[in-house]
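**Student:** One structure, pasted below without further comment.
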Amino acid sequence: FPGGREEKDGEDLDRLKWRERERERCQEKMGQEIQNIGPQLPLGFGDGNPKESSPFINSTDTEKGKEYDGKNMALFEEEMDTSPMVSSLLSGLANYTNLPQGSREHEEAENNEGGKKKPVQAPRMGTFMGVYLPCLQNIFGVILFLRLTWVVGIAGIMESFCMVFICCSCVMGPGGSLGPEFGGAVGLCFYLGTTFAGAMYILGTIEILLAYLFPAMAIFKAEDASGEAAAMLNNMRVYGTCVLTCMATVVFVGVKYVNKFALVFLGCVILSILAIYAGVIKSAFDPPNFPICLLGNRTLSRHGFDVCAKLAWEGNETVTTRLWGLFCSSRFLNATCDEYFTRNNVTEIQGIPGAASGLIKENLWSSYLTKGVIVERRGMPSVGLADGTPVDMDHPYVFSDMTSYFTLLVGIYFPSVTGIMAGSNRSGDLRDAQKSIPTGTILAIATTSAVYISSVVLFGACIEGVVLRDKFGEAVNGNLVVGTLAWPSPWVIVIGSFFSTCGAGLQSLTGAPRLLQAISRDGIVPFLQVFGHGKANGEPTWALLLTACICEIGILIASLDEVAPILSMFFLMCYMFVNLACAVQTLLRTPNWRPRFRYYHWTLSFLGMSLCLALMFICSWYYALVAMLIAGLIYKYIEYRGAEKEWGDGIRGLSLSAARYALLRLEEGPPHTKNWRPQLLVLVRVDQDQNVVHPQLLSLTSQLKAGKGLTIVGSVLEGTFLDNHPQAQRAEESIRRLMEAEKVKGFCQVVISSNLRDGVSHLIQSGGLGGLQHNTVLVGWPRNWRQKEDHQTWRNFIELVRETTAGHLALLVTKNVSMFPGNPERFSEGSIDVWWIVHDGGMLMLLPFLLRHHKVWRKCKMRIFTVAQMDDNSIQMKKDLTTFLYHLRITAEVEVVEMHESDISAYTYEKTLVMEQRSQILKQMHLTKNEREREVRFPCLGSEREEPEGEGDADPEKVHLTWTKDKSAAEKNKGPSPAHPLSSPPPSPRNQSNVRRMHTAVRLNEVIVKKSRDAKLVLLNMPGPPRNRNGDENYMEFLEVLTEHLDRVMLVRGGGREVITIYS
């Protein structure tokens, strides 16, 4: 057909464009939503904002129909608006890369240099290069070369073996999620640990430089032996600050060169370890010559002498040696010498006897030292001095520089096993992260554990105990102790460890700022957001500056042995929560927790968590408390200010599981009276703009609840769900904002119903879940109930009273709610008056007690009034009520009001007559609604009282008839007048019940107004509605009369059970 090919090509072009558009949209959404592509795929990428308001497939939008012409998925065209096709999803996943943000921006910036864009290659690193070697580089470090020999010498082979085994075991375990609060706290602890690790590596570098490479570079010199430690610390501070500045500059200027030299630094580590093993093998048949000098059983430092002897032969003459001059007053034979020097002989032994010497038996057990004690060889004969004889610190002995014990050694050694997260941190560079991370990490842990355990045994088997306990190698001419064992030369270890510690320090200063930048960009810690910014290529400039400042704190401490326990705390806390996350995810059986590692079991994670927690307190209980306090403060800060993202974490799953368990427990039975508290369902009304009409109702809720118990704020919208769903969502948002402003902790529920009465009934019936349901309904008095069309407002209110009674729910009705105080207000004086007419289970006693816990009502005193009849003993009633309140532990003033029988006043008759006439007219006249409204507004049958200002929107032209006592007295004196429409004989006997009720309301109102006119709040019993529905409107009149001339009133109706008890 003519043009058929062109049409086909046009159709294919449209289809290709559509697919490309879908792919781009899918990738954009994934870039925003996917954090890390792990063992699970996201279930959907819809933004939750459908473009169509119609829920039906048939659409009248012709343009949208044209958009999907030529496609074979027209049935799903509505879903295609918000969700991508599977083909687009898979294409986006195939092209997705989860490189770290800083690395990706840096790589893109380099690729875009010169205006020529180069393609970004996908990561291709495997298990060996991507996980195994980085973990080795981070685990092997300064402790292996500078402190492991000393730890073995102090703790012995057995305790050192246990120490290494425990430390290596507690770091095993995969990862999980505990939510933004825990994630932020643990992430910051990991950052602090990495930062202090940088300080430790720099201190190790300076120690190697000044103690073993160039001792003459020391700036501060000690005048005597006692000042050597202080001078060394000052040198460490000065040189450490200089090295830190240089390293930070290198990281800032050329971080890519640091990464390129990482393999060189790793090569130094591996070469040094191989040199140690070669030296052990060689020592079995040809031990190195490193003699040490002993005076008695005391180890001597080689710094001040060369010959290990007191006397020497020069020709045929006996002369004294330099060692003699160190212990005696002169170089002559008749000089006065140190008593211990005189009594004991000088002996020279080999410091490295070798693996075949049988030395392992001597080094099997511990030999802990106190500070300032001389390092002595066990089993050597010596002539001791009297107890209490002081030791001259200027003599060339090898002294212990610190008091040692097992827990201290654990804290110093533990940083040597950190670094297992290096593979996880490089997950974006791996070809298959799910396979490489567990395999490479476990292999690295196994390798390093084998090296450490074998090193413990080999050091104890090859090196003399006094040399092991000599931390700085003073007995072996100032050599690095582990270097004396190495082959072919000690310099291999010295130079290799120097470059290794330099590289580890640079890696820490490179990784820590990026970790802080990632935490900052997550937005969970608001005050850290400034550190998420950096240079144009993504380099974290501000984070590097903060890292350098924190690292300087460790440099100023200046002692490697003091810094190591600090970073141990932060790493242990990090590993503890990682193990906890795995255990929680497994125990909760989270559907998306699907670890590929087949040998994983939750008990391993739980064991690792327990070991980490135990090690924290074993290392240093006060450091552990400080670290936990820091993590707790970060957690609470994130919970208060941040944590706006949903991470699908294990803590949320744990909360859901705990909530389910608690709800099932609540189903076992109703709460005991001791545990009863008002669980409120607050019914509020919203206007046309979906704003709450009376926010004071929520203020009262906050004052009554103080954030405890259940609170459900409900509202009803008229209409259908399909048409009014957006309005319901806006109403919920408005209510939630108000709840947050009023500090009301609870839930919001907006119901759409065909009429208000059914909607309120649905809220009362279906609010809550299981045993967590409301037991009290709080509602405002229906203001202007006389003016509403067809009187539906007060009918709904009375039905609400009946439904709460049928449901055994307590009811609180606030009248003049606009006059109730807000949360910022304070009452400096006044009273809360309780009018206890009938027993309602104790609600009237409990509510003022709860209110007075809030700062608004705290200074208001509580007064309780009760009414005595003619046959009651008012004095005894007061005593009994006082005793009852004493047992309830409630402080209140008690007053018994006596209401004597009196004649029914004409005022009562007239109000009853007006009420009944209105009721009869509305029932008997079959008029339209408009006519009925006009009848209601007839002057003689109008409202009996003016609405308070702000309560209603009454017509200003309407005539109100308000009765007062003066009018009543005037009518009595005036007598009946035939012309007056309200002057009629008393009602018939069938209406005597209404007269009695009105009489009670009038008399009780007179007494309440007299006693409680100045009260800040009046609480009184709410009478129930009549059983006969024909008198509903009379019921409203009774309540109006009962509460006349009172500012703030709360009508209380109990739920039919006791809510207060004398027992605790």
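Cβ atoms are placed via backbone N, Cα and C, with glycine included.
Automatic prediction, not curation, is the source of TrEMBL annotations.
Got these off TrEMBL a minute ago, pasting:
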| type | residues | note |
| --- | --- | --- |
| REGION | 24-65 | region 'Disordered' |
| COMPBIAS | 51-60 | compositional bias 'Polar residues' |
| REGION | 101-121 | region 'Disordered' |
| COMPBIAS | 103-116 | compositional bias 'Basic and acidic residues' |
| TRANSMEM | 152-173 | transmembrane segment |
| TRANSMEM | 185-218 | transmembrane segment |
| TRANSMEM | 238-255 | transmembrane segment |
| TRANSMEM | 262-281 | transmembrane segment |
| TRANSMEM | 402-422 | transmembrane segment |
| DOMAIN | 404-681 | domain 'Amino acid permease/ SLC12A' |
| TRANSMEM | 442-468 | transmembrane segment |
| TRANSMEM | 488-506 | transmembrane segment |
| TRANSMEM | 542-560 | transmembrane segment |
| TRANSMEM | 566-588 | transmembrane segment |
| TRANSMEM | 600-624 | transmembrane segment |
| DOMAIN | 695-813 | domain 'SLC12A transporter C-terminal' |
| DOMAIN | 826-1064 | domain 'SLC12A transporter C-terminal' |
| REGION | 938-994 | region 'Disordered' |
| COMPBIAS | 955-974 | compositional bias 'Basic and acidic residues' |
**Student:** For the transmembrane segment (238-255), give me same-chain residues lying six or more residues beyond its boundaries with a C-beta closer than 8 angstroms to one of its C-beta atoms, as numbers and ranges.
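**Tutor:** Beyond its ends, the transmembrane segment (238-255) has Cβ neighbours at 106, 199, 202-203, 205-206, 209-210, 217, 219-220, 502, 505-506, 509-510, 513, 539, 541, 544, 547-548, 551-552, 555, 558.
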**Student:** Counting Cβ pairs under 8 Å that are 6 or more apart in sequence, does the total for the transmembrane segment (566-588) and the transmembrane segment (152-173) reach three or more?
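**Tutor:** Output yes: the transmembrane segment (566-588) sits against the transmembrane segment (152-173).
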**Student:** Counting only residues 6 or more past its boundaries, what in the same chain has a CB within less than 8 Å of a CB in the transmembrane segment (152-173)?
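**Tutor:** Answer is 360, 363-369, 404, 406, 409-410, 413-414, 416-418, 420, 442, 445, 448-449, 452-453, 456-457, 459-460, 463, 465-470, 572, 575, 578-579, 582, 604-605, 607-609, 611-612, 615.
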**Student:** Summarise the model's confidence over the domain 'Amino acid permease/ SLC12A' (404-681) as a mean pLDDT value.
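**Tutor:** Mean pLDDT for the domain 'Amino acid permease/ SLC12A' (404-681): 83.
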